[in-house]
C-alpha cells in the first residue's frame with residue numbers, strides 16, 4: 001500500500017474507522033479469509049454514503065487488489081474509502097464539512113497548516129504539485145496567517161460548490 005494512503009488512513013478518526021469496520025463486517029460475515037469480494041464492495045461503500053461510479057470502483061479495486069484475488073481486506077478497504085472521500089463538497093452539510101475539517105486537521109489544533117493540507121491532497125491519488133498545494137493554501141487562508149481556520153475552511157469549501 002502506498003505510504004501516502006497509509007498516512008491518510010492514519011488521519012481517520014476512531015469513529016470513522018469504527019463506522020467503516022461495522023459496514024465492512026456486515027459483508028465479511030461467513031467469509032473465512034476476513035475479506036469481502038470486489039462485487040460486494042460497491043454495496044458497502046454506498047452504505048457508507050459514498051457513491052463511486054462503476055469505473056471509479058474498478059479503478060480503486062485495481063489499485064488495492066494487487067494479487068488479483070478478487071477480494072479486499074479491511075486495510076485495503078480503508079484506503080479505498082479515503083480515496084472516495086476526496087469527492088468534492090457539493091451538497092455537504094456543515095456537519096459533514098466539520099468532519100472533513102477534522103480529518104484534515106491531523107494535530108487537532110483547530111487549523112489546517114500547509115503540511116496537513118499536503119498530506120490530505122496527496123492521499124487523493126491525484127497528481128498535485130507543491131505549487132498547486134501552496135496556491136490552495138493561499139486561496140483558503142484569507143487572513144494570511146499561514147494556516148486555515150474552520151471559518152476560512154467553510155468559506156473556501158462553499159466557494160467550491
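Using the three backbone atoms N, Cα and C, a Cβ is placed for every residue, glycine included.
Not measured: the values here are computed from a predicted model.
Database features, via Swiss-Prot:
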| type | residues | note |
| --- | --- | --- |
| BINDING | 65, 67, 69, 71 | Ca(2+) 1 binding site |
| BINDING | 105, 107, 109, 111, 116 | Ca(2+) 2 binding site |
| BINDING | 143, 145, 147, 152 | Ca(2+) 3 binding site |
| DOMAIN | 16-51 | domain 'EF-hand 1' |
| DOMAIN | 52-87 | domain 'EF-hand 2' |
| DOMAIN | 92-127 | domain 'EF-hand 3' |
| DOMAIN | 128-161 | domain 'EF-hand 4' |
| MOD_RES | 1 | N-acetylmethionine |
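Locations of recorded Swiss-Prot features on the structure.
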residue : record                : contacts (Cβ under 8 Å, 6+ apart)
67      : Ca(2+) 1 binding site : none
69      : Ca(2+) 1 binding site : 35
105     : Ca(2+) 2 binding site : 111, 112, 116
107     : Ca(2+) 2 binding site : 116
109     : Ca(2+) 2 binding site : none
143     : Ca(2+) 3 binding site : 149, 152
145     : Ca(2+) 3 binding site : none
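Straight-line distance linking the Cα atoms of residue 71 (Ca(2+) 1 binding site) and residue 147 (Ca(2+) 3 binding site), rounded to a whole number, equals 40 Å. Remark: secondary structure over the domain 'EF-hand 3' (92-127) totals 21 helix, 3 strand, 12 coil, with classes taken from DSSP.
Residue 65 (Ca(2+) 1 binding site) sits 37 Å from residue 147 (Ca(2+) 3 binding site), counting Cα to Cα. Confidence annotation: the domain 'EF-hand 3' (92-127) carries a mean pLDDT of 82 in the model. Cβ atoms within 8 Å of the centroid of the Cβ atoms of 105, 107, 109, 111, 116 (the Ca(2+) 2 site) belong to the same-chain residues 104, 106, 108, 110, 112, 113, 147, site residues excluded.
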